[in-house]
Amino acid sequence: MVRLALVVAEFNYDITSLMLQKAIEHARFLGAEVTYVVKVPGVYDIPMVLKDVVAKSDVDAVATLGAVIQGATKHDELVAQQAARKILDIAVEVDKPITLGIIGHGANRMQALERVEEYARRAVEAAVKLARRKKLLKDAKYSGATVYVE
């Protein structure tokens, strides 16, 4: 069973609380166990806790959830791009799956609400699949025939 942590931004919590509910439901559907739900103030703050979360021995993968709503300036673009870049950097550094379930940039509130389920499910599904496949790859042995890890 994959042990999954969810890191959720509280900013735009009317949206991210729904994402959290959908993520937990989908994790259960996939047979994963949600071991931690960690709330942070905003999407930009997600990278601040990731190393602590992935260091937990009872976490195989992390799905990040958040919503960056378009405003009058380019602030949403900056927040979403920098958070995504740092999340990927940390995932590669720690060698554990950390997936991106962040709506935005450029999304308005209505678009974000329409994308709640899709983004939450995709982030959880990718995290669970990656964790399972990393384990399969680690345990795989080549014996003269191509090894497929799927």
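Quick reminder: no glycine exception, Cβ is built from N, Cα and C everywhere.
Quick look at what Swiss-Prot annotates:
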BINDING   Phe11, Val43, Tyr44, Asp45, Ala67, Val68, Ile69, Leu100  5-amino-6-(D-ribitylamino)uracil binding site
BINDING   Ala72, Thr73, Arg115  (2S)-2-hydroxy-3-oxobutyl phosphate binding site
ACT_SITE  His75  active site, proton donor
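Rounded to the nearest whole angstrom, the C-alpha distance between Ala67 (5-amino-6-(D-ribitylamino)uracil binding site) and Arg115 ((2S)-2-hydroxy-3-oxobutyl phosphate binding site) is 10. All chains included, 18 other C-beta atoms sit within 10 angstroms of the C-beta of Arg115 ((2S)-2-hydroxy-3-oxobutyl phosphate binding site). Counting only residues at least six positions away in the same chain, the Cβ atoms of Asn12, Asp76, Gly104, Ala107, Asn108, Arg109, Ala112 sit under 8 Å from the Cβ of Ile69 (5-amino-6-(D-ribitylamino)uracil binding site). Across the binding-site residues listed here (Val43, Leu100), the residue whose Cβ sits among the most other Cβ atoms within 10 Å is Val43. The DSSP secondary structure for Ala67 (5-amino-6-(D-ribitylamino)uracil binding site) is strand. If you compare every pair of Cα atoms in Ala72, Thr73, Arg115, the residues listed for (2S)-2-hydroxy-3-oxobutyl phosphate, the longest distance is 22 angstrom.
Cα of the residue listed as 'active site, proton donor' to Cα of Arg115 ((2S)-2-hydroxy-3-oxobutyl phosphate binding site): a distance of 20 Å.
Taking the Cα atom of each, Val68 (5-amino-6-(D-ribitylamino)uracil binding site) and Arg115 ((2S)-2-hydroxy-3-oxobutyl phosphate binding site) are about 12 angstrom apart.
Cα spacing between Ala72 ((2S)-2-hydroxy-3-oxobutyl phosphate binding site) and Val43 (5-amino-6-(D-ribitylamino)uracil binding site): 18 Å, rounded to the nearest whole number. Whole-number maximum of the Cα to Cα distances across the 5-amino-6-(D-ribitylamino)uracil-binding residues Phe11, Val43, Tyr44, Asp45, Ala67, Val68, Ile69, Leu100: 16 angstrom.
All protein chains considered, the CB of Thr73 ((2S)-2-hydroxy-3-oxobutyl phosphate binding site) has 8 other CB atoms within 10 Å. A sphere of 10 angstroms centred on the C-beta of Ala67 (5-amino-6-(D-ribitylamino)uracil binding site) encloses 29 other C-beta atoms.
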